């Protein structure tokens, strides 16, 4: 509000640090050369630029097609960007695990929601790869050797954190000791869902001792006492609001994860049909079998019980 009798026009708070009473003088045509385009900084010889901050040079220099085929660049970038999204998903899941252990659930909700959005990005990425035809893929496939997404150690850690444990999946990484050790630690640690079940016990729900002291290297299996606890939560959500919200965040997460897996299968079938995968898996049949994996079984079964 202007003081009484003050006829000066109000200044925009974002107008910069010019003197308030200075008259506006149009800039000369050549002023942009000296002051920067629309006052933007143009000289980064002494300061950090966008490319410096993001380390773009090594990232954009990390694509090395092995074939003369035009479409290999798409194949490489598709998988590299997926690995970057998985890096973010793992970063958020580790933070969510720590928050759940500390009974700090609101931050965990935000992190889990973000992971679900990351998975949506990964689902959409298959649409780009699906522009590659079977003929185009066949031209570059011999250059892939035995490399396969099956060997992605970030994907394997993601599966382990979400509870789909399988010690045999360590073997493809035996030639890289540091990665093997990292994955083995993830295999032996409680999964995200294991920590949520511990949370249920801390909130007073009677969870079977053998479930709370389970062999963490084994995949998640349905437990009656866990389903009974979730049933109580869903029947009185207002009395257990944080647990109710946690349950729904987990369902959102698994829903998105299933969609990612399904889109993977359909893209593979579209491009290579039912040929053997480059990593010697059965290809599409192997991926279809993975669609049957249920990460949080009680949360799905309780919907029938309600």
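Backbone N, Cα and C define each Cβ position, glycine as well.
The region 'Disordered' feature in Swiss-Prot is assigned to 1-29.
Around residue 75 (substrate binding site), the same-chain residues six or more apart in sequence whose CB sits under 8 Å from its CB are 129, 132, 137, 140, listed in sequence order. As annotated by Swiss-Prot, substrate binding site applies to 75, 76, 77, 78, 79, 137, 141, 278, with the evidence given as sequence analysis.
Sequence-distant neighbours of residue 264 (heme binding site) (same chain, six or more apart, CB under 8 Å from its CB) are 126, 287, listed in sequence order. According to Swiss-Prot, the feature heme binding site maps to 264, an assignment based on sequence analysis.
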Of 79, 141 (the binding-site residues), the residue whose Cβ has the fewest other Cβ atoms within 10 Å: 79
Proximal but sequence-remote residues of the same chain as residue 77 (substrate binding site) (Cβ under 8 Å, at least 6 apart): 63
Number of Cβ atoms other than its own within 10 Å, given for residue 76 (substrate binding site): 16
